[in-house]
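Here's what TrEMBL has on this protein:
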- 7-142: domain 'EamA' (DOMAIN)
- 153-295: domain 'EamA' (DOMAIN)
- 36-59: transmembrane segment (TRANSMEM)
- 71-88: transmembrane segment (TRANSMEM)
- 94-114: transmembrane segment (TRANSMEM)
- 126-147: transmembrane segment (TRANSMEM)
- 153-171: transmembrane segment (TRANSMEM)
- 183-205: transmembrane segment (TRANSMEM)
- 225-244: transmembrane segment (TRANSMEM)
- 256-274: transmembrane segment (TRANSMEM)
- 280-297: transmembrane segment (TRANSMEM)
Amino acid sequence: MPDHRGSGLTIALVSSASFALSGMFASSLIDDGWSSGAITTVRILGAAVVLFLPALRSLRGDWGVVSRARWQLLGFGIFAVTLAQLGFFSAVRFIPPALALLIEYLGPVLLVGWTTARTRKAPARLTLLGVVVALVGLVLVSGVIGSVHLNPLGIGLGLLAALGNAVYWALGASQTHGLPPVALAGLGLGIGGILLAIVAAVGLLPVRMSAGAATLADRGWPAPAMIIALILIATVLPYVTGIVATRRLGATVASFIGYGEPIFAIVWMALLLAEVPTPMQFAGAAAIIAGVVLVRLGELIRRDAGRAGSLARSRPWDTE
């Protein structure tokens, strides 16, 4: 069986880099008069429409796989899409966006805890160290230090977003149902988009749109062009590549590589907005990278230990 971990790393970085553009596109639209609820709903529904035909083609007429994966699809749409989006955008009403994003990024930590509880095997020490180092890096990159306003409701909503984030990685890594990545992304986004539209229709998600020009990189862009970029570059591409990467790397490693998103966001801001990162953000980026490396090493050690144990059990006569 070929080893896809090298390509998985590249694909995971592509996912993080493209996800990182969503904030810039969304900020431009918000400045133009769009509400975050409208951006989220249009973004998810638009991505589902774009992926609809590719998802059907990837199934090759095998609708049985959709039936077998119905609970995974519902979980992806409800938790990984709807809960993650609603949790985050509801949290920012009560706490700063940087803090809300930081809490949402606790998803990989929840994933490590869930994996430990499910397998009843403690993670490697390097994995735990990597978790701590990566979280410290996130705090430094987010710039949340010194501007923290704690609100219990906002923190709770942020934790719901973190739960959705964890489910995204867990379900993305699952291959027991045989659902292709494009189908999982397309159908899952469709379910999530419909739920978001319902929530918006009943007034729980404020929706406001504008036909004016959105500004990005000191240039005016028509709102439809910005929406198309948000859908194709910052939604379709990262969701599909994220699932592919997760299946090649495993949920834990891929989720921590997802911490590269704020690093790429800083890079995009420097390139497109000429905003120079602070020394603290540089230090945070280095810590995130170090944390991801430690998590990866910890997972390799755990996997090798598992293989050694299996080999020993299969050769009980070999005492040397």
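The backbone N, Cα and C atoms fix where each Cβ goes, and this holds for glycine too.
Those TrEMBL annotations? Automatic predictions, nothing curated.
Spatially, the transmembrane segment (71-88) is not adjacent to the transmembrane segment (126-147); fewer than three Cβ-Cβ distances between them are under 8 Å for residues at least 6 apart in sequence. As a whole-number mean, the pLDDT of the domain 'EamA' (7-142) in this prediction is 89.
As a quick check, the transmembrane segment (94-114) and the transmembrane segment (126-147) clear the bar of 3 or more Cβ pairs under 8 A, pairs 6 or more apart, so the two touch. In the domain 'EamA' (7-142), the DSSP tally of helix, strand and coil residues is 115 helix, 0 strand, 21 coil.
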